[in-house]
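Q: Please see the structure below; I have some questions.
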């Protein structure tokens, strides 16, 4: 068992225990002493003398840890005498607490001590005697037997020196070493000047690959250090860095002569050891007997047996002397190397041995100037590997030409060694992460360095230092620069808008499919036209349009459905079809395109699902990559989820599969479901396009789609989905069957239906946009502050009578929904909110909880107004009035479904009289009385429309997705400008295109009620922000009392009349008579720009910057007139720019126009992010 590193009892002076440097604090102290000492000073191998009381962690001699030590005790030792000699020593309290070493020695033990103890047993006593022979201390070392003392020669210096003497000696040796280094540097400079660049390279090759002889390769006349005892370095000189820990690690190699160098040491330290092999071996041999010196020159030579190679190209079988020298020399720099990972390993200077060893052991501080450059040249791992390969190729060429045996910084390089050996040091060197990071942070603006290309011209940047690797100040950067065209192509490809691959169905041989599955029953065929008309009138007044419309059925058995569908219908408890189902199912089963309009909750979903199941089961099963057969598109995610749930009972019975695909959910799950195969897909248009465009159209396709349904079709086109819906329709086979269903169908939809349907049958049940008669409608005109109190009254009345009832409250903005949620929660009503700004998972869970009765009240925007079917929903409150008739019908239609009754209460304020028209019309069509106050509001609004003060709008008609596309492109253009990299010519060429995109996107902020729509949307008419800037010269004022006074007054009168239009014309005099009036002026009208754009060119910060840069005078004049307001005598808001020269005025105008562009884009971006207001953003 190895003895612990902290021993309590003193070891005999001179024994190898006292010379062991096994204390970590000793290592640190030795490093500090070595840093302060001069080069070449003697080193002491024993710990410094110190007071025993200060050693708080000493262990007792009686510990069993010393049983395996090589501390050989004499059998005649009198232990009592030893105790008496130390009995009077003063002990610290801590020592009493820790008297036994066996309690905690394991947690403080270093496992390496076991190996060192084993190595010491294998080493001979003579080896230790030789190492200690030249010890500089005046001590009497104990022999291995413990009884004899080595007769070491007396040293010239006293054993104990004063601090002044030590300091003087260190300074003297430091000066000698500096003088020697200066002479050596001067000699190298002279040789460089005499030999030129070619000779310098040859010298590098000689130095990198030459034999480690004691003579300098560049100065053959300089005598080498003689191999005689008399001329050896005196014993008092410092013999290089000596680390007993490293010697103990290497001693184990002597147990087997067949061990290779790579197996004796960890791979991390082998690279360091190879670099210091030659110099440290010479330092050791200088202190040994003279017979060992002659072998030093052969240590780095090529081994005799070339075939047996170690990992560093060294012979695995060498002589004993060579092994001993290598083992002791390999890891002498262990401490310093572990502390400074990035320090450059020193090469062999062209000087005598003793001074070289001293400088190496003490860590030369005055290194060459290009050390930092070499460290920076490390680069990435790929660059370092490329550099090493290039260096290896050059070294191979030099090996073939060189006559002497090569060596490189102590590494033996063999001609037949594998090539990676030459890069072992670079690849195995571990770089400290902090040092590497600080190295990278040295110059953040420096250009990237390339280590893969070495050019001979680089020699000029480092002409004074013969190093194999040079600085990279002049390195060619072309190897790192990618082709700008390729980068632009990649960026364009990444930014390319995903599109659906177009399919030319005319060139495809598509298999035919069957549409008509309906056979008219006998009892219906026998009915006359009068009887059919009476039947339709009884069924909620069904109205049909089209040719050869089938007669309405009266029972499920007459619909032509298969047995499995009828069984599921029976289990679900559907006794008889509803009015829309009686007329729509026969028409769809006949293979006709159908437009169905029916009141909310009338069973429209089942009306198109049942024929779809029969349509799909008639076709062949899906194979391989076949896409779906039935496609159902909805405007909202909630409606898609609800339709998918209604499909599930039928899917299980018929063995079909359906996928619900909508935005906000994880697309990879939906792709996985589609790849497994699905006959039906229920989706929103946006997600459908994403799926079709994903993976270049290989995820799914529409080639097998023959049955298409658009549920709530009017709302889908109202929300702007028409481009997407038409894009999907264009990729479906033309002879498909198409079904359109909705509770409301404005007349504007007729033109769209004609484009997508072929000879459709139109079915209207109960009117086009009518609230169900089972719903009680209440409209109240109230102030905004009275709404919440009235809501609390309604909730209290409802839940006093029916605790299980549900309430749905509609608001117009997302922020309003959250605010109302907070207010109701404070009043004790459990509720939740749902709107488009919430995550899809939250929206789904909220609806599920509302249906299950977890929360009885839900606050929602119009996102929940379509298709939401909740049982026990007794009350619907329109807290904010709906903006058009169809929205009101769908909101009210959430209650009173499937024959149940319900109540819809609507709040409307005096300021919302434009909404009174649609609400009053809905009340009239459903047969309910219109309140007098509401009727007055409607009349007042119609009168204002007739007078032109107001403009009537139906609230229908989406803007399409071009608006969002333009905003998206404008945002990307702004980001490209902000993050543009300097020197990229392509970016400069694209600036004009980006500006066009900005202006195009700015079109969305143009007021809708503008009387004169501009040619370029977003920019007022007559203003070209990209055009030429017109600067006018200021005319001198007319002289008072001139004959032209009358003419001037007449001109003023004309100008006064012209100013009434609010337009700035070239003939209008500019009010620039103040002290800042300049010789030139220009005007820029900003009245019709968005608010953010106007603010950008009028706020103090921006104006001050322009004034400071151009020296002009900028004044805001005129008055702001909102859109539609009549312009008075004062002109519209404009900016007057005045300056002494035309150039400064032009520059100021250009900067103002730039600010206008940015402000316009900011307004467009803000509107695009939150089109309905609120603090939520859907990304």
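Positions of Cβ are set from backbone N, Cα and C atoms, glycine also.
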Q: Can you say which of 250-269, 270-289 is given as region 'Disordered' in Swiss-Prot?
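A: My reading of Swiss-Prot: the region 'Disordered' range is 250-269.
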Q: Drop a 10 Å sphere on every Cβ of the binding-site residues 600, 602, 605 and tell me which sphere holds the fewest other Cβ atoms.
A: 605
Q: Taking all residues of the domain 'Helicase C-terminal' (774-938) together, what is their mean pLDDT?
A: 88
Q: Measuring CB to CB from residue 598 (ATP binding site), give everything in the same chain under 8 Å that is also at least six residues away in sequence.
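A: Spatial neighbours, sequence-distant, of residue 598 (ATP binding site): 579, 580, 604, 741, 743, 763, 764, 765, 766.
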Q: Which are the residues of the chain, 598, 599, 600, 601, 602, 603, 604, 605 excluded, whose CB is within 8 A of where the CB atoms of the ATP site average out, their centroid?
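A: Going along the sequence, the neighbours appear as 578, 580, 743, 897.
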Q: In this structure, which of the binding-site residues 601, 603 has the fewest other Cβ atoms within 10 Å of its Cβ?
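A: Comparing Cβ neighbour counts within 10 Å for the binding-site residues 601, 603 gives 603.
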Q: Please report the number of other Cβ atoms within 10 Å of the Cβ of residue 604 (ATP binding site).
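A: For residue 604 (ATP binding site), the 10 Å Cβ neighbour count is 26.
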